[in-house]
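Copied over from TrEMBL:
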type	residues	note
COMPBIAS	153-168	compositional bias 'Basic and acidic residues'
REGION	153-232	region 'Disordered'
COMPBIAS	184-196	compositional bias 'Low complexity'
COMPBIAS	216-232	compositional bias 'Low complexity'
DOMAIN	230-320	domain 'TonB C-terminal'
REGION	301-320	region 'Disordered'
């Protein structure tokens with residue numbers, strides 16, 4: 001009886017192994033193997049760009065065609081069509097496939113470089129322009145792209161300098177306003193000496209002393225010095241151009257003002273404008289400064305000679 005029971009248990013255990021445990025292990029093994037294969041394939045694909053220097057001519061042309069199909073003309077760095085074709089030409093300088101492909105796709109690649117310039121990604125734009133120059137050094141498009149890149153860099157530098165100058169002017173204006181408020185408060189707190197000091201009796205009040213009359217020579221010398229003192233006149237507005245009312249502000253029934261500081265050259269032209277303050281902020285700034293730039297002044301003078309000067313005015317925007 002005991003042997004029969006043991007036999008049944010052995011049969012059940014063997015059946016469980018064959019029907020349940022072993023298929024489950026096989027399933028796990030196949031899944032892990034699939035994942036391992038996928039990871040290896042991904043690593044191999046990622047390493048293609050890094051191993052471009054070790055590729056033969058056919059591999060380089062194949063990778064270049066794949067990059068062309070995916071429109072990777074110049075980017076990303078190290079994994080783009082132009083770099084693959086250029087490496088192919090290093091191995092075979094007269095390879096017709098690479099030469100034709102670079103020539104035909106040059107305009108599209110130049111467009112991508114221009115997009116990088118407009119996006120102000122200057123380092124990437126420089127890298128792409130260098131690739132284009134390697135592909136076709138005499139192409140005038142490369143010269144145009146380099147000029148655009150330099151212009152955008154200069155424009156960005158000027159914008160940064162202008163922003164710093166505006167910030168400096170705003171800080172100076174705020175500092176000046178704070179100093180004026182502090183001076184006004186200090187003056188208001190000072191006691192009035194005339195009201196707090198009792199008046200002295202008439203008898204004890206000291207009599208004013210008269211200075212002796214100047215000699216005739218001294219009078220003549222004083223008159224000559226006064227005549228030789230430098231004369232100066234301020235700039236006078238001769239042509240006023242009213243600002244345009246912003247459409248957005250008019251629709252919103254918005255009124256406001258802008259304090260503008262401006263430079264006037266020796267010919268009476270406004271050469272530069274700066275917004276010191278505005279309310280509401282930025283709503284009317286552009287229209288105010290554009291109007292001031294069109295003003296015409298009679299220039300300021302020093303000893304009769306026109307000189308450059310500065311002015312400041314509040315431009316008000318009111319709905320009629």
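For all residues, glycine too, the Cβ spot is worked out from N, Cα and C.
Where the annotation comes from TrEMBL, it is an automatic prediction and has not been curated.
Mean predicted confidence for the domain 'TonB C-terminal' (230-320): the pLDDT average there is 93.
Helix, strand and coil content of the compositional bias 'Basic and acidic residues' (153-168), in residues and according to DSSP, is 16 helix, 0 strand, 0 coil.
Each residue of the region 'Disordered' (301-320) gets a DSSP state, and the totals for helix, strand and coil are 0 helix, 14 strand, 6 coil.
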